[in-house]
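Enquirer: This is the structure I have questions about; it appears just below.
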């Protein structure tokens, strides 16, 4: 009995090795380890904050002097105007932007990405401490906090969930489906008909896009979220759907069977999901993530959902997604014509 | 008129098995058996003609059309693989309807196929619940949906019982009588003695015999390959 169990266990492991499932056991911990290495560790040592000041709109000299005396805890970056400051903030070059309050004299408005974040809390704490040390009274320099990203935590996490759903269909469902059709020779049966290769590819892209749109729509309906810029949002969901459906079809063509396709899918799913979703927490990941098509999808939908972004300013990302989709789809067509691993 | 013309067709796999330059012609209305041991290149030959795999060299013409014109060739050739490749989770009717749509043939043709192959009682059954013999019949029915003038059968009786094997041979004879050109593979030459009008023998990827069955069964090749 024990001998049989050992034999069967070894057989299962051999199958896992053969269909590359075993690679996930090594890949996932390694990938998570390296991703976490790239996430800035804000819990260790004193938090170093970078605050933006508008050059021609200098704050009260007392406040300015206090900021300059803060030393390493607070570094200052000068920006030419509020627009440049907001851009630097979105690019995570600065942690906050200080503007003179238009309603209260000798007080400031702190512009941050998110109101409920560790960075915002740290900035408020630093300014409270500085005011107390300078004037010895209760905090009042910062009279208002203006977040760039609106909505509560539910809405704040919406872009991550949307990205997750789109990538799930693109990298996990579609490659397995394509590989299954190859493995069971169903695709070859279809190629016995006068159907065009492009028709099959288009059908696969549309079915992938349909699944993605239904999933995203359901997420919005259940959460009661409605984007203000619906047209721009829909354009990005469609472009992302096209891009990741095509990518998924290509992955399916690279594998001989379903198990291999699932493994390869996970190997693409995590590196596309984590750096983009974690880029909010890390300067380093913000530098690395833009290489990925997933970031070019995540950033615009986040901008549209949380920062009132417009497609007129986001067209390069839209074009990038379409381009990646077209390249991967033409590669998939090439492999299909070559009867690759069929 | 030549239905199939093959010139120096080659396909070599990593393990050196496959098809070494092979050439022959098939006339309209032939019932040709391609025989040989496992790994002789029989299935490779049929799969190349069915556009499942691409040849490394040579040329094959189907009714004068090169295989590269896949869409046009698809209307000329119906291929029945050794293992039926059907959408198993769907019904017999769904499978046939899907392919009827892709072939742009009327559904009345599907009804004819269902009736002709005794599949009408199973039309709503999921394919995965059918026996291998019934699945093979669905697969043959699918290949005949577009009524192609040529049919390719790869080991059509493989894994079937005595009764089903004779049923398949009866069908092959019926298709032949209806004027179709048929190429089928087998590794049991005795079984097709009275069936084929011509025998092509492949051995380790090379064509070693091409002629009428009587000549083959009296030849040294038959003795060498199957009797000794």
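In case you wondered, yes, glycine gets a Cβ from its N, Cα and C as well.
Computed from a predicted structure; not experimentally measured.
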Enquirer: According to TrEMBL, which listed range is transmembrane segment: A:136-157, A:158-179, A:268-289?
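Expert: The listed stretch tagged transmembrane segment in TrEMBL is A:158-179.
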Enquirer: TrEMBL lists transmembrane segment for one of the ranges A:2-20, A:21-39; which is that range?
Expert: A:21-39
Enquirer: Which stretch does TrEMBL mark as transmembrane segment, out of A:112-133, A:200-221?
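Expert: Per TrEMBL, the stretch marked transmembrane segment is A:200-221.
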Enquirer: Looking at the candidate ranges A:79-100, A:233-254, report the one that TrEMBL labels transmembrane segment.
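Expert: Going through A:79-100, A:233-254 one by one, TrEMBL flags A:233-254 as transmembrane segment.
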Enquirer: Hey, which bits of the same chain come close to the transmembrane segment (A:21-39), Cβ under 8 Å, at least six residues off its ends?
Expert: 13, 15, 259, 262-263, 266-267, 270-271, 274-275, 278, 281-282, 284-285, 288
